[in-house]
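Report on one structure; see the data block that follows.
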Amino acid sequence: MWQKVAKFKGAEYSGLLQNFLWFWNERFWLPHNVTWADLADPAPGVEYPKAGHLLSALPLAVGIFAVRILFERFIASPCAFLLHIHAASVHWRATPNPVLEKVFTSITKCPDSRRLDGLSKQLDWDVRKIQRWFRHRRNQDKPSVLTKFCESMWRLIFYLFMFTYGICFLWKCPWMWDTHHCWYNYPYQVLTPGLYHYYVTELGFYWSLMFSQFTDIKRKDFPIMFIHHLATVSLISFSYANNMLRVGSLVMCVHDASDFLLEAAKLTNYAKYQRLCDFLFVLFAVVFFITRLVLYPLWILNTTLFESWEMIGPYPSWWLFNSLLLVLQVLHVIWSYLIAGIAYKALVRGKVGGM
């Protein structure tokens with residue numbers, strides 16, 4: 001019996017090993033005539049990226065999330081109080097009612113007329129009283145301006161820090177000025193400490209956003225943002241695994257260029273500096289359009305699709321990498337449409353909404 005169990009376990013482990021080897025098949029990840037063995041033992045003092053390095057981003061993500069909690073409590077909250085932003089108290093709270101609470105949490109937060117009539121008969125309440133209960137209950141769950149302010153201030157500081165670091169680092173890199181350097185001697189490109197720290201910190205931050213997205217303020221673009229974070233984490237991980245770090249660093253820098261301006265516009269909106277908010281949002285929209293609709297396709301996609309094709313040729317993970325980059329471009333177009341509508345209102349009506 002034990003021999004049968006051992007045989008079954010051996011077959012199971014063999015199957016897992018085969019699946020693992022299939023996933024890391026070098027014919028998928030690497031260009032033709034390149035193997036993992038070629039990258040395993042570089043010259044002394046030289047290091048290439050290894051997929052195992054990405055595991056360090058997970059504890060870093062937990063650390064970033066912990067720093068965020070401390071930052072929001074001890075730095076962002078005092079700044080909000082100085083600007084007279086406080087947690088608004090709910091003046092009207094819904095009367096505890098198990099039946100309505102079950103409907104609110106499990107079925108719908110905005111019942112239609114048919115359900116309202118049914119609840120009215122069940123509870124012997126007036127329909128208007130039930131509508132008022134649901135309105136008060138919805139208001140209880142709305143995040144306060146203080147919560148929004150602290151969240152945006154944290155993101156502003158982190159995005160600004162990463163963009164500044166990225167510009168300072170890339171300014172000295174040859175591939176910043178000539179994207180052909182992204183593919184010279186590929187994939188035998190040395191991993192420098194600066195590039196490693198840039199990559200792992202960005203990956204840790206986006207992992208922390210993936211964790212916190214389900215507890216943060218739910219906005220209208222939640223599904224799009226979830227796809228964006230998933231695509232970003234996948235892009236960073238895939239580009240690290242097959243040593244496309246040079247072009248990957250350009251992608252990260254382009255995306256960080258406008259994000260901190262959006263968070264700055266949100267902060268001024270919460271602090272009721274409307275004119276400054278409108279100016280910052282329009283500035284954000286201009287930078288967003290330039291970086292995501294001009295620089296990204298003409299600079300990034302041009303080198304990943306065409307220059308790399310000429311210099312190293314396509315291979316399976318090349319197609320996957322470029323597919324993810326094109327998914328990001330589709331998201332850029334969708335966001336640009338939404339941002340253009342808000343920017344138009346800011347210019348015509350003099351007020352930015354939807355933040």
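Yeah, the Cβs are placed from backbone N, Cα and C, and that goes for glycine too.
Features of the protein shown, as given by TrEMBL:
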DOMAIN    100-144  domain 'Homeobox'
DNA_BIND  102-145  DNA-binding region
DOMAIN    147-348  domain 'TLC'
TRANSMEM  156-177  transmembrane segment
TRANSMEM  197-215  transmembrane segment
TRANSMEM  279-299  transmembrane segment
TRANSMEM  319-347  transmembrane segment
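Between the transmembrane segment (197-215) and the transmembrane segment (319-347) there are fewer than 3 Cβ pairs closer than 8 Å, counting only pairs 6 or more residues apart in sequence, which means the two stretches are not in contact. Residue counts for the DNA-binding region (102-145) by DSSP state, with H, G and I taken as helix and E and B as strand, are 32 helix, 0 strand, 12 coil. Residues of the same chain lying 6 or more positions beyond the ends of the transmembrane segment (319-347) and with a Cβ under 8 Å from any Cβ of it are 221, 224, 227-228, 231-232, 234-235, 238-239, 242, 244, 251, 278, 281-282, 284-285, 288-289, 292-293, 296-297, 300-301, 304-305, 353-354.
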